[in-house]
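To keep things clear, I will list the structure first and then write my remarks on it.
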Amino acid sequence: MSKGPGPGGSAASSAPPAATAQVLQAQPEKPQHYTYLKEFRTEQCPLFVQHKCTQHRPYTCFHWHFVNQRRRRSIRRRDGTFNYSPDVYCTKYDEATGLCPEGDECPFLHRTTGDTERRYHLRYYKTGICIHETDSKGNCTKNGLHCAFAHGPHDLRSPVYDIRELQAMEALQNGQTTVEGSIEGQSAGAASHAMIEKILSEEPRWQETAYVLGNYKTEPCKKPPRLCRQGYACPYYHNSKDRRRSPRKHKYRSSPCPNVKHGDEWGDPGKCENGDACQYCHTRTEQQFHPEIYKSTKCNDMQQSGSCPRGPFCAFAHVEQPPLSDDLQPSSAVSSPTQPGPVLYMPSAAGDSVPVSPSSPHAPDLSALLCRNSSLGSPSNLCGSPPGSIRKPPNLEGIVFPGESGLAPGSYKKAPGFEREDQVGAEYLKNFKCQAKLKPHSLEPRSQEQPLLQPKQDMLGILPAGSPLTSSISSSITSSLAATPPSPVGTSSVPGMNANALPFYPTSDTVESVIESALDDLDLNEFGVAALEKTFDNSTVPHPGSITIGGSLLQSSAPVNIPGSLGSSASFHSASPSPPVSLSSHFLQQPQGHLSQSENTFLGTSASHGSLGLNGMNSSIWEHFASGSFSPGTSPAFLSGPGAAELARLRQELDEANSTIKQWEESWKQAKQACDAWKKEAEEAGERASAAGAECELAREQRDALEVQVKKLQEELERLHAGPEPQALPAFSDLEALSLSTLYSLQKQLRAHLEQVDKAVFHMQSVKCLKCQEQKRAVLPCQHAALCELCAEGSECPICQPGRAHTLQS
């Protein structure tokens with residue numbers, strides 16, 4: 001007994017033996033395939049009739065909702081033929097109403113919604129490999145749960161052939177063997193590869209990655225509508241949802257357009273008012289083949305089965321991409337024609353990012369570029385692409401389309417707030433670790449102790465001014481230096497940043513918990529703190545040309561990383577919005593009287609006189625700042641030499657960044673207010689619409705009641721006209737328009753009615769009072785019944801006095 005929906009029976013007597021054997025052979029079907037072949041869209045949805053189906057918009061229901069969505073079950077009869085053709089469409093079928101004059105017995109294919117009769121036919125269902133990937137649930141990202149194409153070899157099924165097709169195949173093969181295997185077993189995979197091979201033979205450039213990235217789905221298909229048999233493997237688009245804007249002509253980000261994509265569903269690109277000028281993706285094809293995303297993820301089919309049916313049209317990587325090296329040496333960064341090198345994104349004057357090769361003569365020093373970018377508050381990730389973008393493989397970094405400018409494909413101005421506070425700490429740490437690996441430590445001769453200080457100095461050099469990590473690590477270094485004895489450290493340049501400078505983000509907008517977690521990830525061993533404190537145990541005479549800060553030596557040109565709070569000499573108060581990292585905070589809490597004599601001598605003062613300044617520094621050093629010559633926001637540094645201009649420039653850029661952030665905040669507030677106002681208007685409009693609907697329903701009910709009443713009155717009027725009762729006479733001016741027979745009939749009717757009236761008048765006169773004509777007559781003393789009792793009291797009998805009676809009657 002066959003498990004498939006098409007029962008196999010005895011073939012026609014004229015069929016060849018081989019074809020008869022294949023028809024008689026049962027086609028086993030998997031349970032999932034059997035369910036779809038037998039029941040998909042063949043019955044009406046019972047929930048939709050009750051208006052309870054939740055899969056109507058978008059329409060993903062297993063059953064049909066409207067008649068034009070109904071699918072006839074495909075059956076192979078006992079004679080080996082199908083109940084309707086899998087290829088020839090019916091010309092009488094109405095796609096709007098879903099009706100055909102032949103009904104279900106029509107031998108041709110009906111073009112239902114989604115072309116379900118052909119896709120789910122025994123001949124084609126799950127016989128071809130789908131070129132789209134699957135999501136986390138195993139469903140097709142393009143066609144959803146009910147995809148009619150196979151996702152993997154385990155989902156393939158062999159097609160069921162019509163006996164006439166089998167006879168034609170056998171006649172074509174002329175008795176060759178192994179026909180069944182080539183038809184039944186290899187048809188699905190071979191058909192997919194054959195279609196791609198045909199396309200590649202027509203246009204060999206489709207094998208080039210750059211050509212696919214620049215031209216795939218950018219031109220309309222040259223074949224007539226509904227005649228393209230290449231399916232989704234066709235490199236040309238067939239509708240607006242399949243179209244991809246050419247990256248040569250249009251610049252757009254890899255993010256989906258909010259006007260087109262809602263949730264997981266891609267809508268009509270025509271809903272976007274900006275059209276092709278929109279800076280976001282409009283279709284899934286545009287997003288997958290965007291230069292920032294293209295080939296950035298491994299292909300699932302290649303990982304699972306080792307082959308991909310999409311071939312060169314696959315948007316995912318088929319070859320294992322080598323990871324970027326941790327140590328980017330100049331020799332490895334040289335670009336070659338075969339394999340372009342990685343691209344660094346330099347900020348240009350226009351605010352965009354320009355790709356520059358590390359080996360280019362215009363490429364700046366990595367550490368200088370990193371420090372510059374970090375000081376602006378927007379750290380650039382040297383280990384990959386800029387923040388917020390997906391890292392591309394090395395072989396796609398340098399792709400530039402013909403006729404394009406030098407701008408990188410993803411070089412767009414970032415939207416306000418693209419760097420959230422919870423990402424700043426992690427980006428700083430990542431940049432620091434990259435810088436620690438990239439920075440050569442053997443560029444100049446150093447003393448034995450100098451490399452121990454360098455990691456923390458480098459950390460301060462790559463962090464932006466006033467950032468949470470800058471103030472925290474600066475306070476950490478200062479606390480460590482203040483709590484240890486002097487050491488013979490040689491003169492070195494400490495690129496410490498100003499801790500009193502305002503942070504790039506306002507204090508109220510900084511998420512302290514995120515910075516705390518970022519600081520917890522810091523490996524203090526990378527800074528050489530243990531070796532640094534060990535080195536400080538060796539006490540020697542300090543260098544005469546340096547400044548003594550709590551037992552350490554700093555060059556006079558370097559800023560002092562201490563906040564401007566000069567009132568306290570026993571503790572360190574950080575101006576950073578995040579909690580400072582203090583390595584030796586317990587030393588700062590010790591009273592000044594516990595300092596040893598050697599320390600007092602080294603500091604050049606006596607603890608008993610209370611002349612020690614902040615953190616044990618000689619108070620004479622702070623005389624320049626205690627006089628109030630500097631504002632509270634000015635850092636306690638020596639503003640002289642070439643560093644003053646650089647500091648002024650950094651402050652100016654910081655002010656510009658702060659003003660830009662304020663403008664973004666104002667714009668965001670205005671947009672939020674406008675959105676709130678629109679939302680309120682929409683709610684009010686909805687309420688008014690509901691009220692109008694209720695009023696309309698009430699008016700409709702009143703109208704129906706009035707119509708019923710009018711109908712009743714019309715029926716009553718017709719009944720009166722048809723009965724024997726007297727009718728209202730028409731206008732006298734209309735009598736001449738009536739026919740003579742009508743006038744005779746009217747005259748006869750009126751005479752009959754007049755006789756009835758006379759009889760009624762005579763009867764009423766015989767029983768009513770002759771005087772008042774209202775009360776009934778009563779018997780008078782004269783035995784006459786002419787007057788009522790009331791009239792008889794004041795009047796005499798009119799019968800006894802005829803003259804009186806005549807007067808009464810007159």
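Glycine is no exception: its Cβ is also placed from the backbone N, Cα and C atoms.
The region 'Disordered' annotation in Swiss-Prot covers 1-24 (among others).
Residues or ranges marked as compositional bias 'Low complexity' by Swiss-Prot: 10-19.
Annotation comment: Swiss-Prot describes 84-113 (among others) as zinc finger, evidence class sequence analysis. Within the chain carrying the zinc finger (84-113), a Cβ under 8 angstroms from the stretch's Cβ atoms is held by residues 41, 59, 66-72, 74, 121-124, 162, all 6 or more beyond its ends.
Residues or ranges marked as zinc finger by Swiss-Prot: 124-154 (among others).
Under the heading zinc finger, Swiss-Prot lists 215-241 (among others).
According to Swiss-Prot, the region 'Disordered' annotation covers 239-265 (among others).
Across the compositional bias 'Basic residues' (241-253), DSSP assigns 0 helix, 0 strand, 13 coil. Among the features that Swiss-Prot reports, compositional bias 'Basic residues' is placed at 241-253.
Residues annotated as zinc finger in Swiss-Prot, with sequence analysis given as evidence: 251-285 (among others).
Taken from Swiss-Prot, the feature zinc finger applies to 293-321 (among others), supported by sequence analysis.
What Swiss-Prot lists as region 'Disordered' is 324-343 (among others).
Taken from Swiss-Prot, the feature coiled coil applies to 643-723, supported by sequence analysis. Averaged over the coiled coil (643-723), the predicted model has a pLDDT of 91.
If you look up Swiss-Prot, you'll see 766-801 (among others) marked as zinc finger.
The DSSP breakdown of the zinc finger (124-154) into helical (H, G, I), extended (E, B) and coil residues amounts to 2 helix, 5 strand, 24 coil. Counting residue by residue with DSSP, the zinc finger (766-801) contains 8 helix, 7 strand, 21 coil. Across the zinc finger (84-113), DSSP assigns 4 helix, 2 strand, 24 coil.
Residue counts for the zinc finger (293-321) under DSSP (helix as H, G, I; strand as E, B; rest coil) come to 8 helix, 2 strand, 19 coil.
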